[in-house]
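Q: Features from TrEMBL:
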- 86-354: domain 'THH1/TOM1/TOM3' (DOMAIN)
- 20-41: transmembrane segment (TRANSMEM)
- 48-66: transmembrane segment (TRANSMEM)
- 100-125: transmembrane segment (TRANSMEM)
- 137-156: transmembrane segment (TRANSMEM)
- 176-195: transmembrane segment (TRANSMEM)
- 207-227: transmembrane segment (TRANSMEM)
- 239-258: transmembrane segment (TRANSMEM)
- 279-301: transmembrane segment (TRANSMEM)
- 321-339: transmembrane segment (TRANSMEM)
């Protein structure tokens, strides 16, 4: 019975059972099943395999009932009054905790923004003659995105309590779109490196990047306008699903070009200079960015259909803390740390003879 019960699918999520089903779980099914088996043995004693088959089915049913009873008890312990998760509701309803969490998010974003600005200044002082390279633009956009988030969470009450739903979505979703543009810039950079190494044309990569981003911002603007005009829940769900789709596409881009570049570097000779460090950079940045965009995709899809997972509300501070720390703050900080190396100084083309 134990082995058969272990073969049953088990879900750790606590289900919410219909009240009419709960009394059924208190019935003594062991007595009923034993009576049923006695009848089977009486009428089918010559067909032992059939009886064994029925016995296995009954054991599985008994195990399922035991698990269902356990789920009901767990639901009473965890979700009812006096349960183990009351602290979550208390923090969500506490203005002091809300203030602390949102100000903490604001300070975290401000710190990451400051780090990106410092790194941008260091790169500019190191190679001022190169102009706006991809590395400089990447750090500038990191500074803008994280700085904008810091300001929004610093004035969190004004943002979350704004009367216009379309304006609230614009303020909260625009940094997410800029975050998408910032990190897909890395995908563009890796795609250019990969195409150059394979002697493939690269003249269409940047126009494709600009076209894709332009389409995304245009489509998002149309969604914001529809939210403003219709004031319907469907338009809000569509906006979140749209962010979910573009997040999945960003993760897919990192998987494709990050994976290609990683395996191309692995084929280089072991003694190649800088091979191991570049493998580390590409591998870790690919993993971090894939994880954060896939998590954003999952959460946005969930919040589109479940109000309890809504992020754009004032009374979900813990959910906001976990989401933004895992999706934006920690990934940005880790990527900036991994890509902290400054470019080499430009060597003068002028020949200086040694006297």
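Heads up, the Cβ atoms here are built off N, Cα and C, so glycines get one too.
Curation plays no part in TrEMBL annotations; they are all automatic predictions.
Note that this is a predicted model, so its numbers are computed, not measured.
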Q: Between the transmembrane segment (321-339) and the transmembrane segment (137-156), do 3 or more CB pairs sit under 8 angstroms, pairs being 6 or more residues apart?
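A: Contact between the transmembrane segment (321-339) and the transmembrane segment (137-156): present, because at least 3 Cβ pairs are under 8 Å.
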Q: Verify whether three or more Cβ pairs under 8 angstroms connect the transmembrane segment (279-301) with the transmembrane segment (100-125), leaving out any pair fewer than 6 apart in sequence.
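A: Contact criterion not met.
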Q: Average the per-residue pLDDT over the domain 'THH1/TOM1/TOM3' (86-354) and send me the rounded value.
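A: In the predicted model, the domain 'THH1/TOM1/TOM3' (86-354) has a mean pLDDT of 87.
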